[in-house]
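These notes are about the structure you will find just below.
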Amino acid sequence: MLITNPALLGILASLVPLALGAPNQPIQARSRKCVIPSSYASSHGTADDSPAVASAFAQCAENSVIVFQEGVDYNIFHPIKATNLSNVEIRVLGNLHLPQDITAVQNIVKSGQSTWFTFQGPRVDWTGADDIKNGWINSYGQAWWDANPANSSSFPNRPHLMSYKTSQASIKNFRSRKPIAWNVKLQGDDITVSHAIVDATSTGGFPFNTDGFDVEGTNISITDSVMFNGDDAIAVNTPSHNIVFARNTIGYQSHGMSIGSLGKDPTDFANITNLRFEDVTVIDALYAARFKSWSGGRGLVKNVVWKNIRTFNVTFPIFVTQSYSDQSASRPGTIDPFSSVMMEDFTWSDFSGTINTYHPGDGSCVTDPCWYNVGLPNLKHTEAIVLECNTESSCKNFRTEGIRLHPQSKDSPSVICMKATAELNPKLGFECKNGTFVPH
């Protein structure tokens, strides 16, 4: 159960642990403990421990501690669903293993069980092992990525790893190795996530849709974590307010720190305020800071800051599109091309590092042109900033400052800017036109 990726090992070694607890401590003591037995060793890794796990969550659903034993392996061959939890700590000191039989997992997903772990209730804490060798969820996603058909971005019947809906809770030392696809859908209020690791690095096929945390809620922070994956490290969805993403390292073929996508369904009004992404290192990613909404969407995203972002070999360090496209998606209803999810009070401050000039893009491209190049005129891959506003009134109070991003080719950094008018964006920091980036 060792991490073998050299880059990931180096980053883990460089992190300084900063413990964060839950915002509010439970009122009642967790007086009951359920220690989950394992048949992994006695069966030489063939037995299914899912029934024992499900039994523990049923017996200790309230005011309890549920323990996966230290250094012990568990086969979780069937989904675990515990939606009646209250004031429970899930203590993951061992290692969990999903099935390696792709067809068996697909059949489970086809039956309607699309998420492998579902936890719901107030004050549900996840505490992983301090020892880096333990506390891992092993999903064996490499075989799925390698089996993905050529020129396809969507292998059928892939499970989501985890749905976690709680309040006044903490998630510490969450560790996911080779997730099949999406990692954690995190919903709720007053949640701290710290010291998480997502390792979706691949030795073969591209790890499509291996999002780190898809977030929806209020007062949520994700800090001191490492995510190497093939999609968003964090994607903030609506409705969300007061979200912090800080002191993290993200990369591999990451799609960065994202808001959205928003507005795909024009009847779903976007409502997002007060987001802060700060002190983040981004390595070998497609994007660093990204906003994505569909033309025809509706709603408002306000008061967003990306600050002190370090990029190494990133294709699009700062990227905004209000005309997002998805190569595998269709849209409901009638679309008004002049309607937009409005953006207001956005700041990009103190970005430094390199732009991927020589080998831009990533392995998610299955179309020609690549989905991430659609609508971008005369790309040079020297672009420090791309701002695609849908209309002349859909972007307001944009500010850039301290942008020190340099193409690997040593050419001057450039910018693509559409419809971010000087009247609505007096502190934009450069002239909104396509060409060389000249900060004011």
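Cβ atoms are placed via backbone N, Cα and C, with glycine included.
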Partner cysteine of C395 (disulphide bond, per Swiss-Prot) from C389, C417:
C389
Output, ordered by sequence, the same-chain residues six or more apart from N434 (N-linked glycosylation site) with a CB under 8 Å from its CB, or 'none'.
P377, N378, S414, V415, I416, C417
Just name the winner among N84, N151 (the glycosylation sites) by count of other CB atoms within 10 A of its CB.
N84
Taking residues 6+ outside the repeat 'PbH1 4' (272-293), which of them lie with a CB under 8 Å of any CB in it?
7, 232, 234, 236, 238-263, 299-322, 324, 340-341, 343, 346, 348, 351, 353, 356, 361-362, 364, 372, 390
Counting every protein chain present, what is the number of Cβ atoms, excluding its own, within 10 Å of the Cβ of D231 (active site, proton donor)?
26
